[in-house]
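Notes for the one structure printed next.
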Amino acid sequence: MRNFVIIAHKALTTGDFSLNDLPGSAGRMDILCRCINSCLFLSHDLRRDVQVHLLLLGEPEPGKIIRFDSEHVRYLNPDERSAGSLIKKALQKTAGEYEVRSTPGVFIRSGNLGTLLNEFKDAGRRLIYLHEDGEDIRELSDLTNNAVFILGDHMGVTEEEEQLIKEHEAKTISLGPIPLHADHCIILINNEIDRNLSGKSQ
């Protein structure tokens, strides 16, 4: 199962926000909503082999992880408000060390980037960090669903986060020389994996 980690530095960590103001009072929650849709949606269906891990680092309780499991998620439509509603419901739950289900296929717990990286590393997953200075993704012939892709939000990734990612031996890859929005990167990544798995990669 392919995994995406999106680091959200300003995203509000309580459910006290309006679905009518996702970019503002919710701390650019609109970015996370677009990332969820890019990760999970096909033309007329949902992907069933994707997990999305939203790392929320905004106020007032930084350090929450919301996981979307595409195999079991329900009540998700292809619009920002729908995804925002599921995030809001998750944030209304008490987040502790262990996951709590808020709605089908959506879970929340407390944690940080190190928490996720350690878990993936211990599970033998391949960590891939997206950055325009990395190796061209099309040079990777073994891109499969085993990979975990790590992306920043509109603020990118801090030096401390990047150092932690490198300490966990993540491979840095690029989708091209020009920085792209995280949700656009996800669509391109999914396409590359789809092509590799179908044997049509060039």
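Cβ atoms are placed via backbone N, Cα and C, with glycine included.
Feature annotations, reproduced from Swiss-Prot:
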type: BINDING; residues: Leu130, Gly152, Cys185; note: S-adenosyl-L-methionine binding site
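Secondary structure at Cys185 (S-adenosyl-L-methionine binding site), taken from DSSP and collapsed to helix, strand or coil, is helix. When the Cα positions of Leu130, Gly152, Cys185 are compared pair by pair, the longest gap among these S-adenosyl-L-methionine-binding residues is 11 Å. Cβ atoms within 8 Å of the centroid of the Cβ atoms of Leu130, Gly152, Cys185 (the S-adenosyl-L-methionine site) belong to the same-chain residues Tyr129, His131, Phe149, Ile150, Leu151, Leu180, Ala182, site residues excluded. Ranking the binding-site residues Gly152, Cys185 by the number of CB atoms within 10 A of their own CB puts Cys185 at the top.
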